[in-house]
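Report on the structure given below.
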Amino acid sequence: MSAGQRFAFAICILEISLLRAGPTPSYDPAERQGTPLPIDCRMSSWSEWSKCDPCLKQMFRSRSIEIFGQFNGRKCVDAVGDRQQCVPTEACEDPEEGCGNDFQCGTGRCIKNRLLCNEDNDCGDYSDEDNCEQDPRPPCRNRVVEESELARTAGFGINILGMDPLSTPFDNQYYNGLCDRVWDGNTLTYYRRPWNVASLTYDTKADKNFRTENHEESIQILRTIIEEKKLNFNAGLSVKYTPVEAIEKNKCVDLEHSDKGSTSSPSKLAAEAKFRFTYSKDDIYRLLSSYSAKQEKMFLHVKGKVHLGRFVMRSRDVMLQTTFLDSINTLPTTYEKGEYFAFLETYGTHYSSSGSLGGLYELIYVLDKKSMEQKDIELRDVQRCLGFDLDLSLKVGVEVTGNFDSKLCSKKGMGQTETNPEADLFDDVITFIRGGTRKYATELKEKLLRGARMINVTDFVNWAASLNHAPVLISQKLVPIYDLIPVKMKDAHLKKQNLERAIEDYINEFSVRKCQPCQNGGTVVLLDGECVCSCPKEFKGVACEIKK
């Protein structure tokens, strides 16, 4: 397998989709009963084992989540599905196989004979390039052309509860013998358009201004993120980012630098030193929730975007990954919740039929209001010091320029904190960045670990320069994943119906309705199997039961 293939299989797109329904119920302050007892995760009993599937030689059972862990109780991390081997009592009706007059690859894929010996990996395993006695006939001949990172990420899916899909259904390194070149005026390069991508357009632009918002409460930022990233699904404030079903053969290389190993519990986060570095969704949302218990804080929310290009996927005759087709074939024809949930967690609940690629740059500064008052610093001063009130200019090669006012920073006592540990204006900075290379992420991580709290517009410029090498989806039109099931596949109609049902059950299984309400106007959020209360600024505690 080539490095490009490994990249296509491993790429993960960090698309957080937080979904909000109606208002969260809460206790009246007069009904406050004190700190509630911990609630442990409670699951139903296992169902009976299913009949032995004659083709899969497996049988299945499932269970449901009745109550999620809350108030420091045990969270729900166990699978809802189970399987075991069995000896079938019925014969398996194998579908007719074969490619007729076409060439059958080692992967089982059928391709036209004209695609043999052309130096392209049309089979996915290079078996079409074996036994070539004549000179190869490359489609692009002597024309200079590069593989497009934008095209290779096109079509990648999302999970409506926010988890990153572990694989893509599309084989975007299949070209069907064509050499369709697309010119990128920014990198001055011709890129080859894959067969699955009907349209690929390079059009680089950046937001002229940063968007900045300030909030008095952390829940306001959480709601802002939800409103901007939610989809029109009735899923409530529920987020799930850890797969727990049977997907043992899939592994993910996270191109957006999500450090899964750094996930921490709320108690551990509270005990850690300031200025932590994280791209982990777990840490981001738990950190925002933890600040609801602290007084005299203000939150500056900074957002910037760079758009590199657009794509539209082909609507018919797409070339799907062999692993995706194998996964569909191994789905049982009877509805087994655990198996279908596992499929959704592997490939996503939806895929992108069209969209934009680039990067999103988002920072949340936690400011100390008392320190600002003592130094006579206003929010506008902070924005000017960091450079986030300036217009940006974009040049060829995705070069973004901008400057920050270092003289103003020094005058106001907001000097660079790597050399000025007394500058306690910035309590923390929480990064929420999508796109860009690992090299940039490492540099930013090292800067934050040295104690630098003033991540400024220069850091944005450095990040933007790396986007050509690692773009991500920044907007997309979504289509249910079951629409990709080939109509000629055995039991296609049954499995499509089962997947449609599974998406609805998936939302209901991981629903915030299985949480207990918070007290005193607190908002309950379901974070990866645990219900967490985000409190108004006047209250704190696991249930917002304590008045500050």
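Each position is counted from 1, following the chain as shown.
For all residues, glycine too, the Cβ spot is worked out from N, Cα and C.
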Field: Of 270-277, 318-325, 526-533, the range Swiss-Prot labels transmembrane segment
entry: 270-277
Query: Looking at 36-44, 63-71, 108-116, 387-395, which one does Swiss-Prot call transmembrane segment?
result: 387-395
Task: Have a look at 75-82, 283-290, 379-386, 483-490 and point to the one annotated transmembrane segment in Swiss-Prot.
output: 379-386
Member of Cys105, Cys123, Cys132 annotated by Swiss-Prot as disulfide partner of Cys117: Cys132
Message: With DSSP assignments reduced to helix, strand and coil, which class does Cys515 (disulfide bond) get?
response: coil
Field: Helix, strand and coil counts within the domain 'LDL-receptor class A' (97-134) (DSSP)
entry: 6 helix, 4 strand, 28 coil
- prompt: Among the disulfide-bonded residues listed here (Cys92, Cys110, Cys531), which has the Cα closest to the Cα of Cys76 (disulfide bond)?
  reply: Cys531
DSSP three-state assignment (helix, strand or coil) for Cys52 (disulfide bond): coil
Message: Here's one to test understanding: among the disulfide-bonded residues Cys41, Cys110, Cys544, whose C-alpha is closest in space to the C-alpha of Cys515 (disulfide bond)?
response: Cys41
- prompt: Highest CB neighbour count within 10 A among the disulfide-bonded residues Cys76, Cys110?
  reply: Cys76
